[in-house]
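The next block holds one structure in the form of structure tokens; read it before the comments.
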Amino acid sequence: MEKQPQNKRRGLAPREVPPAVGLLLIMALMNTLLYLCLDHFFIAPRQSIVDPRHCPYGHFRIGQMKNCSPWLSCEELRTEVRQLKRVGEGAVKRVFLSEWKEHKVALSRLTSLEMKDDFLHGLQMLKSLQGAHVVTLLGYCEDDNTILTEYHPLGSLSNLEETLNLSKYQNVNTWQHRLQLAMDYVSIINYLHHSPMGTRVMCDSNDLPKTLSQYLLTSNFSILANDLDALPLVNHSSGTLVKCGHRELHGDFVAPEQLWPYGEDMPFRDNLMPSYDEKIDIWKIPDISSFLLGHIEGSDMVRFHLFDIHKACKSQTPSERPTAQDVLETYQKVLDTLRDAVMSQAREML
């Protein structure tokens, strides 16, 4: 009797996977992982931050606080807040890094009684405009001329380039993050123009350094309005317009309508200077955005796509300038378009 072949008795042995096929499978897996990483890098939203609006009016929550706390009173500010060192000074306030219940906080003190009206105006705006776009108020004492706010260690927006040059922040030094900062800035302007306190104009903005000093850079790399001492009201219905200060302004950073219109032959007189509206803030958007975009790979590409809206912002006729909402929507479209283009290129490479 003829013997059956051994392999027929035991069934077919499992086939070995050719090395080339295994390599292709590994490459496919790596491409999938790379795609997911790119998808996260370009599309994932920022880590959310605590919004003070989650607390009732007159309350706050910072850091790891689970519950909202009422604004601190004069007595609490005097006894619970420990002043550490001065970290800033302006015409209206001196700012001190301080400590409250193991939280780093910013204590602002009035510089001189001559500036008290501006100080109280800033306090009123800070109280009334609390929300995602404004630094968190922790307490105040009008008797002592003090205001307590949340402390942000990265400081003023003026420090942006210095901060992004640090090695630990290189991962956020991209055109995507910088364009998002520009969107934050325009969002703040849009909020001020449609605030619960009416249309407010950011008057402390006569040059680039002064403008940047009005805002804070958070550890989450977003922007907050911080100095609200000069936010006059525009009311188009009643014809109420504004003038930013009582001195003659110069340069091309300020809007044309902020310049003395009667030539060098006539000395400046405040009572003859025409007033203006919130469109002066729109004029300044391209210059602020250009600073925020910096000079890194991809920033000129973003500038190119923003050229038309920025040209409109620089219209000599205020009424022809876009609104802050128009600018914000254009920024969002540009961000989406460029992000999709980069993702498409990344997919083609995989």
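Yeah, the Cβs are placed from backbone N, Cα and C, and that goes for glycine too.
Look at Swiss-Prot and you will find 1-20 tagged as topological domain 'Cytoplasmic'.
The N-acetylmethionine feature in Swiss-Prot is assigned to MET1.
The feature topological domain 'Lumenal' is assigned by Swiss-Prot to 44-350.
What Swiss-Prot lists as domain 'Protein kinase' is 81-350, and the listing cites sequence analysis.
Positions annotated as N-linked glycosylation site by Swiss-Prot: ASN165 (among others). Counting Cβ atoms from all protein chains shown, ASN165 (N-linked glycosylation site) has 10 others lying within 10 Å of its own Cβ. Following the DSSP three-state reduction, the secondary structure of ASN165 (N-linked glycosylation site) is coil.
When secondary structure is read from DSSP and collapsed to three states, ASN220 (N-linked glycosylation site) falls in the coil class. Residues annotated as N-linked glycosylation site in Swiss-Prot: ASN220 (among others).
The Cβ of ASN235 (N-linked glycosylation site) lies under 8 Å from the Cβ of GLY198, THR199, each of these being in the same chain and 6 or more residues away along the sequence. Marked as N-linked glycosylation site by Swiss-Prot on the basis of sequence analysis: ASN235 (among others).
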